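Q: These came from TrEMBL, pasted as-is:
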- Glu170: active site, proton donor (ACT_SITE)
- Glu381: active site, nucleophile (ACT_SITE)
- Gln24, His125, Asn169, Tyr304, Trp427: substrate binding site (BINDING)
Amino acid sequence: MNHDGIHMKFPHDFLFGAASASYQVEGAANKDGKGPTNWDVFSKIPGKTFEGTNGDIAVDHYHRYKEDIRLMAEMGLESYRFSVSWARILPDGDGEVNEKGLAFYNSLIDECLKYGIVPFVTLYHWDLPLALEEDGGWTNKRTAEAFVKYSEICFRSFGDRVKHWITFNETVMFCGLGYLKGAHPPGIQNDEKKYFQATHYVFYAHAKAIEIYKGLKQYGEIGITHVFLPAYSVNDREENLRAAQHANEFETFWYYDPILKGEYPRYVLDVLEEKGWTPEWTEEELDTLRRNAGLNDFIGLNYYQPIRVEKNHETAAVIEHSRETSTLAPGSPSFDGYYRTVKMADKTYTKWGWEISPEGFLDGLHMLKARYGDVKMYVTENGLGDEDPIIDGEIVDVPRIKYIEEHLKVIKKAIHQGINLKGYYAWSAIDLLSWLNGYKKQYGFIYVDHKDGLNRKKKLSFHWYKHVIETRGEEL
Ligand code: BG6
């Protein structure tokens, strides 16, 4: 074996997969008893999404899942990560069960298993039953309790065949965009108190759900996925190094500490106390976090880019303004004004301004190992959002191949260096609806032709990934 792992095959138990999320692929928004969700309503508010796109039809995976899974099987996919739409199972969040919703996911799971594709199921990928959103969403404990009920229904209905569960996808995104930036539902801006309260109820719901899961003795694994945004200082000035540490505390440790250590990071708690942003919590909730931290089997990392930060010296007015206009691309102050993200001249960026940095991932993995030890990890999302070139009718998504190749190489290196990584899920299996960027920003191995009846077509990356899987990455 070459010392940097270049000629190594990925271990036999490493899963090569790809991912999607219910709202972004399914469509069938009102079909077979599904209840309305926060996104069904939010996406219809003028100006909220790119060209007013919404998930009413999306890429119609609800009706075409058999064709889609067949294509995934042809690609050699070992595992498919998808999410369950809560409102298909419990149309009003915590009331009656909709049998047709259960039937759909039973068929989807069976279809995966027919081809030996391991279903990796996310319970919450942002589409919340509207009744719960209208009752305060994640700032109301009712939503957390409803989630626990919903997750138990899923475990009992699908757990004989699903052995890999993710409770939540990217808490920082749906809470941050929902309560600080107002870019996702419920569209609230600058409410730090609500933001931290919502994150707390998510962690509490996660802890209760894993306790129930383990009690059912289904012998699968369960964890949580966050977007992983490791922060690096733009230089070695003391104030910027401190700013990077501050960013890691708020963007990463706040999200993984309560899951893996069962407690919140002291540094953040002190800041919240000082600012008056501490969530309302009970001893019982805090104890639930402590008690169940040891039951969590893995963490999922959605890695797209690191953040480069420096101490912020802008005035409050500038911070306020940029909160309203900023996207995930660098160049704006953090929500608390402590640091700002910076676009750097010597780095490479995607068309949507996200930095491309496989090395940033490798360093970040070591940071996680230093803090959390040998916790099992999956890359639950990674990929390139691009407008794919079409030449003579072929989708030649070479930049995507390059992007994934570079990331798989560092993942191989990381495994070689002792990082406990067990799988890679490209985002995404198939072109899908980007929450705010419509269909223009493509991620899939499978192309969807919106001008031709949503027909599916294999991209160049489809054939490339198939070869990677067949050779277990040995040539990377
Ligand atoms: C992740 C989400 O944050 O990023 C996905 O889990 C999302 O649902 C992906 O689609 C890419 O984001 P975007 O904004 O490029 O569509």
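Including glycine, each Cβ sits where the backbone N, Cα and C put it.
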Q: Can you count the other CB atoms that lie within 10 A of the CB of Tyr304 (substrate binding site)?
A: 23
Q: Once near-sequence residues are set aside, which residues in the chain of Gln24 (substrate binding site), 6 or more away, have Cβ atoms under 8 Å from its Cβ?
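A: Listed in sequence order, they are Gly55, Ala58, His125, Ser428, Leu432, Leu433, Ser434, Trp435.
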Q: What whole-number value in Å do you get for the largest C-alpha pair distance within Gln24, His125, Asn169, Tyr304, Trp427, the residues recorded as binding substrate?
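A: Maximum Cα-Cα distance: 18 Å.
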Q: Across all chains shown, how many C-beta atoms besides its own are within 10 angstroms of the C-beta of Asn169 (substrate binding site)?
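A: Total other Cβ atoms inside 10 Å, all chains included: 24.
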Q: List the residues in the vicinity of the substrate site, defined as same-chain residues other than Gln24, His125, Asn169, Tyr304, Trp427 with C-beta within 8 angstroms of the site's C-beta centre.
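A: For the substrate site the neighbour list reads Ala19, Ser20, Ala21, Glu170, Asn302, Glu381, Ser428.
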Q: Taking only same-chain residues 6+ apart in sequence, whose CB is under 8 Å from that of Glu381 (active site, nucleophile), what do you get?
A: Ala19, Thr225, Val227, Asn302, Tyr303, Tyr304, Tyr425, Ala426, Trp427, Ser428
Q: Long-range same-chain neighbours of Glu170 (active site, proton donor), Cβ under 8 Å, sequence gap at least 6?
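A: For Glu170 (active site, proton donor), the qualifying residues are Trp126, Thr225, His226, Val227, Asn302.
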Q: Test of understanding: give the count of other CB atoms lying within 10 angstroms of the CB of His125 (substrate binding site).
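A: Within a 10 Å radius of the Cβ of His125 (substrate binding site) lie 23 other Cβ atoms.
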